[in-house]
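> Have a look at this one.
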Amino acid sequence: MRALRPWARYLLLIMAHLLAMGLGAVVLQALEGPPALQLQAQLQAELATFQAEHKACLPPEALEELLSTALRAQAHGVSSLGNGSESSNWDLPSALLFTASILTTTGYGHMAPLSAGGKAFCVVYAALGLPASLALVAALRCCLMPALGCPGTWVAVRWHLAPAQAALLQAAVLGLLVACVFVLLPALGLWSIQSDCSLLEAIYFCFGSLSTIGLGDLLPGHGRGLHPAIYHLGQFALLGYLLLGLLAMLLAVETFSELPQVCTMVKFFEPSGPMAAEDQGDILGQDELALSSLPPDTPASEQDPEEALGSV
């Protein structure tokens, strides 16, 4: 397959990606279609029952207008339901969590600015904050990657492993550690605190947060039934969890991307033609730097006569 032209390799990659998307769509349609239809039928039945009981007091048009207003408010994170334990959606912990969801590109969707000034500020804040966040994460990655490589080097020397085997072992251990510390343990804590959340839903929420998917079906703003102090403490804990968890996920992905097997697969899609002039210049520059660091060779005329005779 190496004999394929570069455009054929890229076309093969695009077709595989589209095939994976189509397969995922078919599976989700088969899994989620029947429950969605069942929920829609249940909702229509409940609305019909409510209208039959209160038709004289509340006309159907007024009910639809009320529900539309409530749904529009819910889209911005404003709700009149609950016991009022959440005094404001824009208190300091909630605002910090919202800014963290912007800078980490999680985007839960549980809150949204209402005013034009708030929307404009979000645009400017994200445009300036996202590059700064990427720079911070890149700097931390450069500091932590050598430290993470030390245990792998020690194990490779201790067990006399090949470099490829040592890299695979290090990636597997790091991936398992991140999965346990940043997915399984927080999910268990969330499951024990939230009575209406199953363990699968908790794992689903943690993985969706760390992968920056943020689908919005399980929201961090649902703190009703909790004491306000516990609710705000959970928001601060989620803020730190997002920052540390995303850094851990980046380190794990970076480790997996440096595996020899992954590098071989990436090189398969590299152009096999002649190199560009700028690429050759960079390689020549690196060769000159490497050669300049070598010790100068001793001329044959300056060798010791005894060494010269011994070599003959």
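Easy rule for this one: first residue shown is 1, then count along the chain.
Using N, Cα and C of the backbone, Cβ positions are placed for all residues, glycine too.
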> Can you dig out which of the ranges 32-51, 92-111 TrEMBL describes as transmembrane segment?
92-111
> What residues elsewhere in the chain lie close to the transmembrane segment (123-148), defined as a C-beta under 8 angstroms and at least 6 residues from its ends?
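Sequence-distant neighbours of the transmembrane segment (123-148): 99, 102-105, 170, 174, 246-247, 250-251, 254-255.
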> Restricting to the domain 'Potassium channel' (86-140), what is the model's mean pLDDT?
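Mean pLDDT, the domain 'Potassium channel' (86-140): 81.
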> Report, as numbers and ranges, which residues of the same chain sit near the transmembrane segment (229-253): CB under 8 Å and 6 or more residues beyond its ends.
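Apart from its flanks, the transmembrane segment (229-253) reaches 85-86, 91, 93-94, 96-97, 100-101, 104, 106, 137, 140-141, 144-145, 148, 171, 174-175, 178, 181-182, 186, 193, 206, 209-212, 220, 223.
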> Could you give me three numbers for the domain 'Potassium channel' (86-140), the DSSP helix, strand and coil residue counts?
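Result for the domain 'Potassium channel' (86-140), in helix, strand, coil order: 37 helix, 0 strand, 18 coil.
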> What are the DSSP helix/strand/coil residue counts across the domain 'Potassium channel' (180-258)?
56 helix, 0 strand, 23 coil
